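Below is one structure, written out as structure tokens, with a few remarks after it.
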Amino acid sequence: ASKLRLSGLCFLLQILNILLFAVFVRYSPESSSSLCSPQLNCSRRNQDSGFQHPRFRDVHLQVLLGFGLLVAFLGRYGPGSVVISILIVSFAIQWTILIQGFLYFFQNSKIYMGAWSMVSADFCTAAVLISTGAVLGRVNPAQMLLLALLEVTLCSLNEYIVLGLMGVSDSGRSLTVHTFGAYFGLMVSRILHQPHMDKRKKEDQQDTGHQPDVFAVVGTIYLWIFWPSFTSATTVHDNAEPWGVLNTYISLVASTMATFILSPVLYEESTPRMVQIQDATLAGTAMMGMAGEMLVTPFGALIAGFLAGLISLLGFRFFTPVLHSRLNIQDTCGVHNIHGLPGVLGALLGTLLTLLATADTFGDRLELVFPLVAQGSRTAADQAFLQLCALPLTLLFATLGGCLTGCVLKIKALRTPADKGNLENNVLLEV
């Protein structure tokens, strides 16, 4: 029955996607800005294939390999969670193209899919993969698939409101990917709290040998190589300096150095474990998500990355136990420390930097980052106010959506029998 439940759900969802694609989805004509929603400002986003396809390649590799290997360090859930990551990516990309197509690219009763559709689908899929890191060990593969179904819908709606209607600049997705994904997953974990399961041994969440370290090494290298492209995928132009790439790399090195400074103070080991460096890398990139394309300055990016690395380690050492003991939130991969808190701080940093958005400071880049300010329809203060308002709005969407999703996943028919475990049951091993 468990095998048929997963197989049947995958079959139904795939047939649904095929039918919807057959009815609505068509190729987008090249260089046709008339097919794009005006909220997207396609004049600067629809680039030629020479720009879009390499950018899509980097972003897709990051989502598939980078995120997939991020959870492989877990001694108990590692191998199975990589399988789940591939399952989620396979479904979420299809579903995101449809949901975002109806919001952004729907015209003449059709969804016009192009390179930007795929990049945007990868962003939303990344938020889902972040959320799964908070619920590993509490949900089975069928529940993971339903989580992706609901979260993609809510994440796309939040992104449409924040980026499309409000005109917020969040090129590296501090808000719509890191913050949304982290707190969505944390709320699902809270709703799925089962007191009798909390006696699970602590080593379930820990690195238990050489092989997990190898996975963490490879995952970290993929982060370093491809995440700068992830951060700058929506704004980099051939005729503009890639501030997002530069600031992300600078933030990465600073957050890693912070790990080597603080880890020996908080833990017995004299050298940080590879998993801690991986977490610091993620925290540094989340910190630069919104602010990366803004006037951070190199030393400002160093400071931001350094603080992100410190916050990540301090969160694991002091805040994660509080989440578990006081709030009954089992954060398996620590997404609150490496995505949630850095994402929130990155959004606040981006809000402060928005106040500097003038033609004198940004030059021609102002049109790329804040087109409405460059056109004179908004002041820098108005833009900063909207950037700030987007944070509580995203948190509201994430927490309410996580609660709703958790309630759906608690349906008795979806639960794995208690004697079968969760991710290590026969269903997953056979998949």
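Heads up, the Cβ atoms here are built off N, Cα and C, so glycines get one too.
Record features (TrEMBL):
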DOMAIN    53-412  domain 'Ammonium transporter AmtB-like'
TRANSMEM  7-25  transmembrane segment
TRANSMEM  59-75  transmembrane segment
TRANSMEM  82-105  transmembrane segment
TRANSMEM  111-137  transmembrane segment
TRANSMEM  144-163  transmembrane segment
TRANSMEM  175-193  transmembrane segment
TRANSMEM  214-236  transmembrane segment
TRANSMEM  302-319  transmembrane segment
TRANSMEM  340-359  transmembrane segment
TRANSMEM  384-409  transmembrane segment
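Through the fold, the transmembrane segment (302-319) approaches residues 250-259, 261-263, 266-267, 276, 279-280, 282-284, 286-288, 291, 296, 334, 336-338, 341-342, 345-346, 349 of its own chain, all at least 6 residues removed from its boundaries and within a Cβ separation under 8 Å. For the transmembrane segment (111-137), the partner stretch with the highest count of Cβ pairs under 8 angstroms, out of 7-25, 144-163, 175-193, is 175-193. Below 8 angstroms of C-beta separation, residues 131, 139, 143, 146-147, 150-151, 154, 157-158, 161-162, 166-170, 175-176, 179-192, 290, 344, 347-348, 350-352, 354-355, 357 of the same chain, each at least six residues beyond the ends of the transmembrane segment (384-409), sit close to that stretch.
Per-residue pLDDT, averaged over the domain 'Ammonium transporter AmtB-like' (53-412), rounds to 84. Residues 123-124, 126-135, 138-139, 147, 151, 154-155, 158-159, 162-163, 168, 286, 289-290, 323, 327-331, 335-336, 339-340, 342-344, 346-347, 390-391, 394-395, 397-399, 401-403, 405-407, 409-410 of the same chain lie 6+ residues outside the transmembrane segment (175-193) yet bring a C-beta within less than 8 angstroms of a C-beta in it. Remote same-chain partners of the transmembrane segment (7-25), defined as residues 6 or more beyond its termini with a Cβ less than 8 Å from a stretch Cβ, comprise 87, 91, 94-95, 97-98, 101-102, 106, 109-111, 113, 142, 145-146, 149.
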